[in-house]
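What TrEMBL records for this protein:
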- 30-355: domain 'Aminotransferase class I/classII large' (DOMAIN)
- Lys222: N6-(pyridoxal phosphate)lysine (MOD_RES)
Amino acid sequence: MKPKEQIENLSAYQPGKSMDEVKRQYNLQQVIKLASNENPFGFSPKVKQALMEGLNELHIYPDGANRKLRAALAEKLEVSEDQLIFGMGSDEIISMIARTFLEKGTKTIMATPTFPQYRSNAVTEGATIIEVPLKEGKHDLETMKSEITKETKVIWVCNPNNPSGTFVSEKELVQFLGDVPEDILVVLDEAYYEYATDPTYPNSVKLLDRYPNLIVLRTFSKIYGLAALRIGYGIAKANIIDWLNRVREPFNNTSLSQIAALAALSDQEFIEECKVKNANGLKQLYQGFEKLGLSYYPSQGNFVLVDVNRPAGPIFQKLLERGIIVRSGVALGFPTGLRITVGNSEQNELVLQALEKVLNESV
Ligand SMILES: *Cc1c(COP(=O)(O)O)cnc(C)c1O
């Protein structure tokens with residue numbers, strides 16, 4: 001037996017260590033995980049109540065059309081219901097896009113480093129991948145544009161970019177979209193949209209009317225705090241959604257994920273609170289980094305990439321031994337970086353203290 005040629009060179013996603021594993025391995029009482037950009041404030045209390053009610057119907061298939069959530073989200077976003085597609089996390093929508101538009105002989109353009117799922121799905125479909133290095137930590141849209149050929153089918157823009165946290169402004173985005181031919185799909189991955197505070201961050205849904213080749217991806221995994229339930233969505237012109245729907249699994253969202261997302265959506269107060277706390281947490285981390293003489297990319301997400309000025313592997317390991325799990329930049333394309341999720345203020349303080357100790361030990 002042999003898999004498709006391109007699968008042979010693909011490696012499986014490496015999940016980070018779980019909190020339990022780290023506790024056991026280093027004999028620790030307390031472990032903090034700031035590695036996967038999860039919401040340190042959990043999720044809206046309304047979700048739990050709604051889920052309890054949903055537990056009575058586990059024997060019934062979910063609504064494959066996601067009707068209630070679709071209606072609520074369409075109203076909130078001021079788009080029509082046929083402009084929405086739901087996935088098992090936005091990860092699944094990335095995979096649906098690749099399945100729908102990419103194959104051998106096609107090309108796809110993305111930044112590097114960026115979110116790794118664009119690449120792995122494109123590889124799976126046999127497409128040729130054009131990776132354009134970030135410029136000063138940001139998407140280099142000019143160079144990305146210059147890489148367009150007649151084989152180009154999809155361009156990925158991660159905004160804010162994971163792992164750098166940097167963003168493309170509305171003005172930059174509009175200029176880019178204006179120059180990309182309309183037969184190329186532009187994927188704008190806004191997994192951290194709700195966290196963005198910069199006034200020049202794009203209002204992308206409003207651009208859908210003007211740019212029919214745009215799809216915006218968002219998720220309930222990050223600020224909504226529902227990562228465990230796997231639900232995300234895409235917003236685009238109805239014809240794009242229609243194509244994606246043809247490759248979608250019929251029941252790709254569980255009933256519980258639909259119920260939870262609907263309840264979470266109804267509690268915008270919780271989201272606003274998380275946004276404010278995250279902005280304060282970012283400030284707290286920035287100040288701490290500055291005290292330690294470390295540079296970082298200002299972030300529009302709930303994570304920040306800090307440069308520790310030396311190989312990040314050993315620093316990551318020493319933090320781990322102290323019970324602090326972050327993401328080493330080594331695997332993310334920033335060999336001297338750590339990507340740290342913004343925690344609550346106590347967690348942020350603990351990370352900064354541990355980082356100071358570990359850096360002092362390793363000079
Ligand atoms: C977390 C993340 C996603 C995917 O999240 P899902 O849990 O699959 O919705 C997509 N894009 C980026 C940039 C992310 O950081």
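Cβ coordinates are placed from backbone N, Cα and C, and glycine is handled just like the others.
Note: the residue listed as 'N6-(pyridoxal phosphate)lysine' has non-local neighbours Asn37, Glu38, Asn39, Ala191, Tyr192, Glu194, Tyr195, Gly301, Asn302, i.e. same-chain residues 6+ apart with C-beta under 8 A of its own C-beta.
Lys222 (N6-(pyridoxal phosphate)lysine) falls within neither a helix nor a strand when secondary structure is assigned with DSSP, and so counts as coil.
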